[in-house]
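Asker: My questions all concern the structure below.
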Amino acid sequence: MAPKPIIAPSILASDFGNLAHECSRIIKSEGADWLHIDIMDGHFVPNITIGAPVVTCIRHSVGKSEDWAKGVFDCHMMVAEPQKWLQDFKDAGCDLYCFHYEAAETSKDPKTPSTELIRNVHALGLKAGVAIKPGTEVDVLYPLLDGSGEKPDMVLVMTVEPGFGGQKFRPECMPKVEALRKKYPELDIEVDGGLGLGTIDQAAEAGANVIVAGTAVFGAQNPKEVIEKLRETVQRNLSK
Ligand SMILES: O=C(CO)[C@H](O)[C@H](O)COP(=O)(O)O
């Protein structure tokens, strides 16, 4: 199936004091497709955000759509031991468990490499995403996408060093997106970091279809308009 534009505001730029309301609003009133939930453990990245109990509360507030494509909880696991938190996030209402390749390959507790982790995510009925940092070569994803094992449902090409919102988009990451789109026309390719109206053209032209935008959406006067413009740009490029 041809990829669709998916706009996934990152909660990192929301008002954490009103988190449940912010998440509901962005999905139900502002027209976002997914909710990008940044999970940071202070080990894999030098910052801490929220854990599964808070995701449970957000899920209660936002509810669950019957339609897979609407209101997906896209949990970006910036954690050192991704296997360790899988069941907790499944129970909390996560739909897509996106772990970092770098963490999976170096995890110790227990040692669960990417191939095994994808299988474990699918066994719980969740979609699996694999993320790479700006310094990680795109080639590491090919054995996962081409191999005989279970494949990731999405890949995430980070366009900033993970850990903090509001950073500058790194265009040097775009060749990775181009290479992935060329090789996998139907793959969901997500980009995350510094995306907004000034940078969406580069990401969309490279072939990204899942756009994470925190500051650009939550910081906007009119988030709905920004979401619509981001979606239109992606759609235009996908239709070329
Ligand atoms: O994963 C992240 C940081 O690690 C955030 O999702 C990302 O930085 C989005 O924030 P912004 O759109 O403000 O750049």
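Heads up, the Cβ atoms here are built off N, Cα and C, so glycines get one too.
Because the structure is a prediction, the values reported are computed rather than measured.
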Asker: Which one of ASP192, ASP201 goes with HIS36, ASP38, HIS76 at the divalent metal cation site, as TrEMBL has it?
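Answerer: Site partner of HIS36, ASP38, HIS76 for divalent metal cation, according to TrEMBL: ASP192.
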Asker: According to DSSP, does THR215 (substrate binding site) fall in a helix, a strand, or coil?
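Answerer: Its secondary structure by DSSP: helix.
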Asker: Just checking: which of GLY163, GLY165, GLY194, THR215 have a Cα that is within 10 Å of the Cα of HIS36 (divalent metal cation binding site), counting only these binding-site residues?
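Answerer: Checking Cα-Cα distances against HIS36 (divalent metal cation binding site), none of the binding-site residues falls within 10 Å.
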Asker: Sort out for me which one of SER10, THR215 has the most neighbouring CB atoms within 10 A, since those are the binding-site residues we care about.
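Answerer: Per the Cβ count within 10 Å, the most buried is SER10.
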Asker: Checking the spread of the substrate site as listed (SER10, HIS76, GLY163, PHE164, GLY165, GLY166, GLY194, GLY214, THR215): what is the longest Cα-Cα distance, in whole Å?
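Answerer: Roughly 16 Å, rounded to the nearest whole number.
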Asker: So which of the binding-site residues is most packed in, judged by how many other Cβ atoms lie within 10 Å of its Cβ, out of ASP38, ASP192?
Answerer: ASP192
